[in-house]
Amino acid sequence: MTFQWTAVATFLYGEIGVILVLCLPFISPLRWQKIFMFPLWSKMAVFWNKMFLTIIVLLIVLFLDAVREVRKYSSVHVNEKAANVNSSAFDHIQMKLFRSQRNLYLSGFSLFLWLVLRRTVTLLTQLAKEMASHTALETQVNDATEAAKKYMAENERLQEALSGKGDSKKKVPTDATEEKLKEEVEHLKAELQKTSNAFHKAKTEVAAVKKQSDGLRREYDHLMKEFEQLQQSLNKEEDKKDL
């Protein structure tokens, strides 16, 4: 195997290893986001797009070259077989064809897994952001609920005081006190209405975030199934080559 195809094979095995690590179930997307926020990754992010496009171009060139070699030696293989040449020349052509097919698989799977790797990292980042947003919204909803309960308790207490259901030993409030209590009740009602509106809005946002998170999870699971199928196919091809 030449240097370039050895490099492609090493790159392919590296891609498989990285994708397997990214798919570990006990590492959450939030943890991956913290890892991606390291200063080293921040510096690499500046050159990420250029590096991604450069590797894509190189893999496409190698893939097309492998396709050309396969077509070339396939036609020669058929012609030599039809011409009934000696066995050594036929075996040499067959060896060339096998190598070109191997290079085709290496470059093709490397190209595909490079795209899958980028998509997986993007999905993990988006899922981590959605999970963080979902947690923040849940905290906001809980705070709004607690505030609503507090305002409702205060409202009930003031209503009891205004209707004379309070402690009988307390003095009857004066007109000024009643007016003040009424103003407080109106203020608390307005605050309660605002809190209720905020609660319903936050609840709607949480539902939207959950729906989007479910969509991202489904797309992630779909990519994982495709990756497993490709890995199984690659293992079968490797087993055939070993035979």
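Glycine residues also receive a Cβ, built from the backbone N, Cα and C atoms like all the rest.
According to TrEMBL:
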{"type": "DOMAIN", "residues": "1-136", "note": "domain 'BAP29/BAP31 transmembrane'"}
{"type": "TRANSMEM", "residues": "7-27", "note": "transmembrane segment"}
{"type": "TRANSMEM", "residues": "47-67", "note": "transmembrane segment"}
{"type": "TRANSMEM", "residues": "104-121", "note": "transmembrane segment"}
{"type": "COILED", "residues": "134-240", "note": "coiled coil"}
{"type": "DOMAIN", "residues": "183-242", "note": "domain 'Bap31/Bap29 cytoplasmic coiled-coil'"}
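Within its own chain, the transmembrane segment (47-67) has Cβ neighbours under 8 Å at 4, 8, 100, 103-104, 106-108, 110-111, 114-115, 118, counting only residues six or more beyond its boundaries. Helix, strand and coil content of the domain 'BAP29/BAP31 transmembrane' (1-136), in residues and according to DSSP, is 123 helix, 0 strand, 13 coil.
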